[in-house]
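Participant: From TrEMBL, for reference:
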- 80: active site (ACT_SITE)
- 110: active site (ACT_SITE)
- 59, 61, 63, 81: Ca(2+) binding site (BINDING)
- 60-77: disulfide bond (DISULFID)
- 76-116: disulfide bond (DISULFID)
- 85-102: disulfide bond (DISULFID)
- 96-107: disulfide bond (DISULFID)
- 33-134: domain 'Phospholipase A2-like central' (DOMAIN)
- 1-21: signal peptide (SIGNAL)
(Lines of atoms letter the chains of each structure in order from A and count residues from 1; the text may use other names and numbers.)
(Lines give C-alpha, C1' and ligand atoms only; values in the text may rest on other atoms or scores of the structure.)
Protein backbone atom coordinates (compact mmCIF):
# COMPACT_ATOMS: atom_id res chain seq x y z
CA UNK A 1 0.00 0.00 0.00
CA UNK A 2 1.36 3.38 -0.91
CA UNK A 3 2.44 5.74 1.84
CA UNK A 4 0.00 8.41 0.62
CA UNK A 5 -2.97 6.04 0.67
CA UNK A 6 -2.03 4.90 4.17
CA UNK A 7 -1.88 8.54 5.36
CA UNK A 8 -5.25 9.34 3.80
CA UNK A 9 -6.85 6.33 5.47
CA UNK A 10 -5.31 7.33 8.80
CA UNK A 11 -6.59 10.89 8.49
CA UNK A 12 -10.06 9.70 7.46
CA UNK A 13 -10.31 7.12 10.23
CA UNK A 14 -9.44 9.46 13.06
CA UNK A 15 -10.30 12.97 11.87
CA UNK A 16 -13.21 12.83 9.45
CA UNK A 17 -15.83 11.41 11.85
CA UNK A 18 -15.50 14.44 14.14
CA UNK A 19 -16.38 16.75 11.25
CA UNK A 20 -19.74 15.05 10.75
CA UNK A 21 -20.73 14.54 14.37
CA UNK A 22 -22.84 16.98 16.34
CA UNK A 23 -21.11 19.43 18.65
CA UNK A 24 -22.48 17.57 21.70
CA UNK A 25 -20.97 14.29 20.53
CA UNK A 26 -17.66 16.01 19.74
CA UNK A 27 -17.55 17.60 23.21
CA UNK A 28 -17.89 14.20 24.85
CA UNK A 29 -15.10 12.63 22.74
CA UNK A 30 -17.29 9.61 22.04
CA UNK A 31 -15.57 8.53 18.81
CA UNK A 32 -12.01 8.70 20.18
CA UNK A 33 -12.99 6.73 23.30
CA UNK A 34 -14.77 4.07 21.26
CA UNK A 35 -11.75 3.88 18.95
CA UNK A 36 -9.45 3.32 21.92
CA UNK A 37 -11.77 0.64 23.30
CA UNK A 38 -11.69 -1.16 19.96
CA UNK A 39 -7.92 -0.86 19.77
CA UNK A 40 -7.38 -2.22 23.29
CA UNK A 41 -9.99 -5.00 23.26
CA UNK A 42 -9.86 -6.09 19.61
CA UNK A 43 -6.27 -5.22 18.78
CA UNK A 44 -7.44 -2.94 15.98
CA UNK A 45 -4.43 -0.59 15.93
CA UNK A 46 -4.09 -0.58 12.14
CA UNK A 47 -6.25 2.19 10.57
CA UNK A 48 -7.09 -0.07 7.63
CA UNK A 49 -8.53 -2.70 9.99
CA UNK A 50 -10.43 0.05 11.81
CA UNK A 51 -11.93 1.15 8.48
CA UNK A 52 -13.02 -2.44 7.84
CA UNK A 53 -15.29 -2.13 10.88
CA UNK A 54 -16.51 1.35 9.88
CA UNK A 55 -17.47 0.18 6.36
CA UNK A 56 -18.91 -3.20 7.41
CA UNK A 57 -22.52 -4.09 6.67
CA UNK A 58 -25.50 -1.76 6.96
CA UNK A 59 -25.10 -0.34 10.46
CA UNK A 60 -21.37 0.01 11.16
CA UNK A 61 -19.97 3.50 10.68
CA UNK A 62 -21.95 6.68 10.24
CA UNK A 63 -25.57 6.35 9.27
CA UNK A 64 -27.98 3.47 8.76
CA UNK A 65 -27.98 2.09 5.22
CA UNK A 66 -30.46 -0.80 5.42
CA UNK A 67 -33.08 -2.65 7.38
CA UNK A 68 -31.55 -6.04 8.16
CA UNK A 69 -28.03 -6.56 9.59
CA UNK A 70 -25.88 -8.67 7.24
CA UNK A 71 -24.13 -10.62 10.04
CA UNK A 72 -23.20 -10.66 13.72
CA UNK A 73 -20.80 -7.70 13.53
CA UNK A 74 -23.45 -5.64 11.77
CA UNK A 75 -25.99 -6.65 14.45
CA UNK A 76 -23.56 -5.41 17.14
CA UNK A 77 -23.41 -2.09 15.28
CA UNK A 78 -27.21 -1.94 14.97
CA UNK A 79 -27.62 -2.49 18.72
CA UNK A 80 -24.93 0.13 19.44
CA UNK A 81 -26.73 2.62 17.16
CA UNK A 82 -29.87 2.11 19.24
CA UNK A 83 -28.04 3.65 22.26
CA UNK A 84 -26.03 6.63 22.03
CA UNK A 85 -17.26 8.02 27.51
CA UNK A 86 -14.88 8.34 29.64
CA UNK A 87 -13.14 5.00 29.93
CA UNK A 88 -10.23 3.73 31.96
CA UNK A 89 -8.21 0.89 30.45
CA UNK A 90 -6.47 -1.78 32.46
CA UNK A 91 -4.94 -4.35 30.12
CA UNK A 92 -7.92 -5.44 28.04
CA UNK A 93 -10.50 -4.69 30.72
CA UNK A 94 -12.62 -1.61 30.18
CA UNK A 95 -13.97 0.18 33.24
CA UNK A 96 -16.30 3.17 32.98
CA UNK A 97 -15.37 5.59 35.75
CA UNK A 98 -17.14 8.86 34.91
CA UNK A 99 -19.40 10.31 37.60
CA UNK A 100 -21.50 11.98 34.89
CA UNK A 101 -24.47 9.64 34.30
CA UNK A 102 -24.71 10.42 30.59
CA UNK A 103 -21.00 9.75 29.99
CA UNK A 104 -21.17 6.56 32.07
CA UNK A 105 -24.15 5.31 30.05
CA UNK A 106 -22.36 6.03 26.75
CA UNK A 107 -19.25 4.30 28.03
CA UNK A 108 -21.22 1.22 29.13
CA UNK A 109 -22.90 1.14 25.71
CA UNK A 110 -19.53 1.32 23.95
CA UNK A 111 -18.14 -1.36 26.27
CA UNK A 112 -21.08 -3.67 25.47
CA UNK A 113 -20.58 -2.98 21.75
CA UNK A 114 -16.86 -3.80 21.78
CA UNK A 115 -17.48 -6.95 23.83
CA UNK A 116 -20.11 -7.96 21.26
CA UNK A 117 -17.58 -7.51 18.43
CA UNK A 118 -15.14 -9.89 20.15
CA UNK A 119 -17.55 -12.77 19.45
CA UNK A 120 -16.96 -12.55 15.69
CA UNK A 121 -13.95 -12.83 13.35
CA UNK A 122 -12.38 -9.58 12.24
CA UNK A 123 -14.02 -8.25 9.05
CA UNK A 124 -12.09 -8.35 5.80
CA UNK A 125 -10.40 -5.13 4.74
CA UNK A 126 -11.92 -5.70 1.28
CA UNK A 127 -15.21 -4.20 2.58
CA UNK A 128 -13.56 -0.78 2.57
CA UNK A 129 -14.04 -0.66 -1.20
CA UNK A 130 -17.40 -2.43 -1.56
CA UNK A 131 -20.95 -2.09 -0.32
CA UNK A 132 -22.11 -5.36 1.24
CA UNK A 133 -25.36 -3.95 2.61
CA UNK A 134 -28.38 -5.59 1.05
CA UNK A 135 -31.22 -3.23 1.94
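Just so you know, glycine gets a Cβ as well, placed from its N, Cα and C.
Keep in mind that TrEMBL annotations are predicted by a computer and have not been checked by a curator.
The model shown is predicted, which means the values in this text are computed figures rather than measured ones.
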Participant: Where's the emptiest Cβ shell within 10 Å among the disulfide-bonded residues 77, 102, 107, 116?
Facilitator: 102
Participant: Can you name the residues of this chain that are 6 or more positions from residue 60 (disulfide bond) yet have a C-beta less than 8 Å from its C-beta?
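Facilitator: Set apart from residue 60 (disulfide bond) by at least 6 residues yet with Cβ under 8 Å, we have 53, 54, 73, 74, 77.
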Participant: May I ask which of the recorded positions 59, 61, 80, 81 is closest to residue 107 (disulfide bond) if we compare their C-alpha atoms?
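Facilitator: Closest by Cα distance to residue 107 (disulfide bond) among the recorded positions 59, 61, 80, 81: 80.
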Participant: Can you check how the pLDDT averages out over the domain 'Phospholipase A2-like central' (33-134)?
Facilitator: 76
Participant: Excluding near sequence neighbours, so keeping only residues 6 or more apart in the same chain, what lies with its CB under 8 A of residue 81 (Ca(2+) binding site)?
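Facilitator: Listed in sequence order: 59, 64.
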Participant: Taking the Cβ of residue 76 (disulfide bond) as reference, which residues of that chain separated by at least 6 in sequence fall under 8 Å from it?
Facilitator: 113, 116, 117, 119, 120
Participant: Would you mind pulling the DSSP three-state label for residue 61 (Ca(2+) binding site)?
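Facilitator: Reduced to three states, the DSSP call for residue 61 (Ca(2+) binding site) is coil.
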Participant: Within the chain of residue 80 (active site), which residues six or more apart in sequence place their C-beta under 8 angstroms from its C-beta?
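Facilitator: Correct list: 59, 109, 110, 112, 113, 116.
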Participant: Please report the Cα separation of residue 61 (Ca(2+) binding site) and residue 102 (disulfide bond) in Å, rounded to an integer.
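Facilitator: Taking the Cα atoms only, residue 61 (Ca(2+) binding site) lies 22 Å from residue 102 (disulfide bond).
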Participant: Just to be sure I understand the packing, how many Cβ atoms besides its own are within 10 Å of the Cβ of residue 61 (Ca(2+) binding site)?
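Facilitator: Total other Cβ atoms inside 10 Å, all chains included: 16.
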